[in-house]
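These come from TrEMBL:
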type: DOMAIN; residues: 81-212; note: domain 'PX'
type: DOMAIN; residues: 219-328; note: domain 'PH'
type: DOMAIN; residues: 459-486; note: domain 'PLD phosphodiesterase'
type: DOMAIN; residues: 853-880; note: domain 'PLD phosphodiesterase'
type: REGION; residues: 152-175; note: region 'Disordered'
Amino acid sequence: MSLQTEPTVNTSALQKIAADMSNLIENLDTRELHFEGEEVDYDVSPSDPKIQEVYIPFSAIYKTQGFKEPNVQTYLSGCPIKAQVLEVERFTSTTRVRSINLYTIELTHGEFKWQVKRKFKHFQEFHRELLKYKTFIRIPIPTRRHTFRRQNVREEPREMPSLPRSSENTMKEEQFFGRRKQLEDYLTTLLKMPMYRNYHATTEFLDISQLSFIHDLGPKGIEGMIMKRSGGHRIPGMNCCGQGRACYRWSRRWLIVKDSFLLYMKPDSGAIAFVLLVDKEFRIKVGKKETETKYGLRIDNLSRTLILKCNSYRHARWWAGAIEEFIQKHGTNFLKDHRFGSYAALQENVLAKWYVNAKGYFEDIANAMEEAKEEIFITDWWLSPEIFLKRPVVEGNRWRLDCILKRKAQEGVRVFIMLYKEVELALGINSEYTKRTLMRLHPNIKVMRHPDHVSSSVYLWAHHEKLVIIDQSVAFVGGIDLAYGRWDDNEHRLTDVGSVKRVTTGPSLCSLPAETTESMESLSLKDKNKSAKNLPTLKSVDDMDAKLKGIGKPSKFSKFSLYRQLHRHHLQSADSISSLDSTSNTGSIRSLQTGVGELHGETRFWHGKDYCNFVFKDWVQLDKPFADFIDRYATPRMPWHDIGSVVHGKAARDVARHFIQRWNFTKIMKSKYRSLSYPFLLPKSHTTAHELKYQVPGSVPANVQLLRSAADWSAGIKYHEESIHTAYVHVIENSKHYIYIENQFFISCADYKVVFNKIGDAIAQRILRAYREGQRYRVYVVIPLLPGFEGDISTGGGNALQAIMHFNFRTMCRGENSILGQLKAELGNQWINYISFCGLRTHAELEGNLVTELIYVHSKLLIADDNTVIIGSANINDRSMLGKRDSEMAVIVQDTGTVPSVMDGKEYQAGVFAHGLRLQCFS
């Protein structure tokens with residue numbers, strides 16, 4: 001802003017004015033000040049519909065400024081602040097105390113109502129600060145901030161209301177009402193004047209900040225300036241910023257308490273410097289013994305011990321009492337121990353929907369992303385930016401994941417993505433390239449990877465959650481990554497050549513250069529069911545059959561092959577290559593071109609690396625995402641069967657809370673993420689969770705609870721959580737008619753030497769109980785026919801295949817600890833009436849030849865009695881279930897609505913959600 005309009009002021013003149021100003025303030029009699037300007041704001045009832053529509057958007061949390069900046073948005077636009085002095089507390093009778101009365105002031109601003117306590121001396125200090133400001137504003141100091149403020153208040157009234165000057169020590173009881181009225185009028189008048197209302201001293205006096213009146217952050221909480229001590233984080237591994245620090249630093253911070261968290265901000269920059277979530281370990285302690293600090297205040301939760309320092313012991317006690325009272329009133333649910341040991345409470349009447357296979361799941365994710373207004377959270381075990389969420393591709397790149405994220409980022413939506421950082425020697429998913437690809441798209445897209453293996457000492461475990469969260473109001477939870485090979489529908493096609501014809505004199509598909517194979521994306525759809533049996537055969541039938549059986553060049557494994565293959569299977573993924581031109585840094589999307597002269601026909605469903613058969617061949621050349629690495633005219637793809645879900649409202653808030661906890665923990669743990677470009681995330685309040693701006697079609701109401709596997713390395717929490725494991729065992733033990741399980745693994749039956757989870761034992765004991773009580777009871781288990789590793793078990797290859805199959809058989813039928821081993825000891829051959837183990841396979845015609853392939857079951861599903869469902873990312877093995885290892889997320893859905901059905905030959909009221917899902921899985 002130009003300073004040419006201001007007169008030139010030399011140094012001596014400024015010094016003279018400053019001296020006059022100091023003398024003015026020292027001799028100023030506040031009784032001579034009167035309010036004479038025209039009021040700018042008008043009285044409006046808080047119940048006025050226009051006021052109810054005024055709000056500060058949630059995205060304002062990412063645009064905070066220094067507290068002294070002149071254009072800070074603190075208040076609701078056009079909404080007045082009402083002040084009322086409720087009571088006067090006379091806490092001492094001695095005349096040696098300067099201010100013997102404590103005034104409780106209730107303030108109302110729109111929908112927000114809060115109280116502050118002030119002594120008369122605080123009013124006097126506040127008044128003097130405003131007088132200094134009024135005097136300074138007349139001086140043309142050549143700074144940007146001061147010039148901006150002077151130009152904005154030039155036309156505003158400056159005359160201040162008068163403040164009573166008489167001492168309170170000589171006041172009588174009957175005079176208190178008059179003093180209360182005087183102070184109330186003083187504040188009411190002052191707060192109608194924008195010049196003083198917007199001044200930072202006023203906001204500090206009223207205990208408000210830029211985050212006070214954001215609707216989605218819930219009710220106005222406790223705020224104020226305080227000193228905080230560094231350290232106290234519970235960070236595992238090799239670091240120097242945790243609880244074991246010997247040296248500390250004290251910093252001045254603005255503390256804000258909300259209904260489910262507290263945070264502190266840096267006054268100079270306005271940046272959020274830390275967020276502490278309220279949980280079942282949330283405790284407040286006062287005193288030097290507890291804090292090792294005079295006038296100290298200690299706040300504990302599962303992630304940190306935060307030490308604060310106050311001005312006096314009375315001040316520390318007030319802070320502790322105020323925080324405790326506010327949290328008990330507004331956040332009591334977060335303080336409780338919840339069912340199954342979960343971090344989240346059971347949420348009633350939540351809209352939920354299930355998905356069988358990724359087609360509908362991806363489509364609803366794409367539609368929900370398109371409706372995002374503020375935030376998109378994504379965490380995946382593997383993410384491929386180039387995948388199409390809607391297929392067949394009939395709108396170009398519109399529904400490609402990276403294009404959607406870039407489009408929303410350009411609209412102002414903040415996108416936060418967390419990726420698992422793999423051990424590169426064991427897994428070649430190249431998550432670093434994925435991160436770089438996504439962050440090039442737009443500055444509003446932020447990507448983190450975790451863990452750092454050396455500093456955290458985490459090598460064997462992975463982040464295995466698959467979550468997509470929209471505006472903290474809609475959350476997709478399940479076992480489906482946004483990655484290659486996952487998209488499928490109920491047809492489970494083995495072939496994907498469409499009606500694309502090849503010129504017989506040209507080169508074969510496998511010999512085409514990358515730029516040619518990449519050009520096969522945008523072919524228009526004509527008839528997706530049209531047969532491709534007339535296409536010419538590339539190789540002999542014998543060659544094709546040999547490949548289908550895995551006969552050929554065996555894989556060469558190093559001495560770490562078993563570990564690497566186990567790790568690769570659990571982190572089954574491929575490199576998500578950049579959708580950007582590698583020579584461009586502008587973030588432009590690289591589109592697919594169609595070679596019209598070489599190919600014609602209908603589009604394909606799986607493009608490039610998305611067409612895969614990972615048992616036949618693992619992913620290669622991931623820097624060419626649209627180039628085939630498997631000859632689709634000779635090798636069928638591996639169909640993918642999976643389960644997902646979506647929840648809304650409070651349950652979605654709980655999913656977002658887990659993501660936020662992991663994000664903030666990673667930001668603290670890794671120094672490269674401590675910059676302001678990676679902001680702390682804030683959870684939205686449950687009080688506004690019912691205000692759904694978008695709802696996924698087809699959702700039904702049910703009771704929903706979030707479950708997870710989390711530990712110190714993955715979420716920075718003091719005690720590990722295995723609520724998924726606990727819920728599985730509980731549902732199995734309490735089921736009455738049947739359980740239906742789909743899972744990628746089936747490794748259980750604890751011997752407490754190699755395997756520790758109790759799911760297999762719970763199944764065996766439930767069947768034995770049914771047998772002893774003469775009940776009809778059934779267990780269905782669906783798992784892959786082969787583990788998803790490259791190799792051919794028939795030729796002795798595939799060490800990882802053999803290892804996984806050994807543990808699967810050990811759980812099902814081999815040994816006395818297996819399920820059948822426990823059942824046969826009492827039931828004999830009657831076990832067959834109680835349990836079934838199944839797999840899926842399909843067949844098709846490829847190039848005139850019959851081909852077959854297993855359908856890879858990747859689901860993590862349990863259905864019980866047509867009324868209870870668990871859907872998530874957790875496999876049935878120790879990695880997923882024990883909590884201390886892989887991080888996982890799941891949701892348990894219990895029906896409230898019913899439909900007529902039949903169970904055991906009798907009429908039965910089945911749950912709408914569970915019954916529909918079971919029928920779809922059985923179809």
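Using N, Cα and C of the backbone, Cβ positions are placed for all residues, glycine too.
Helix, strand and coil counts from DSSP across the domain 'PH' (219-328) read 20 helix, 43 strand, 47 coil.
Residues of the domain 'PLD phosphodiesterase' (853-880) grouped by DSSP class, helix first, strand second and coil last, total 3 helix, 15 strand, 10 coil. Using DSSP to sort the residues of the domain 'PLD phosphodiesterase' (459-486) gives these counts of helix, strand and coil: 0 helix, 10 strand, 18 coil. Summarising model confidence by region, the domain 'PX' (81-212) averages a pLDDT of 79.
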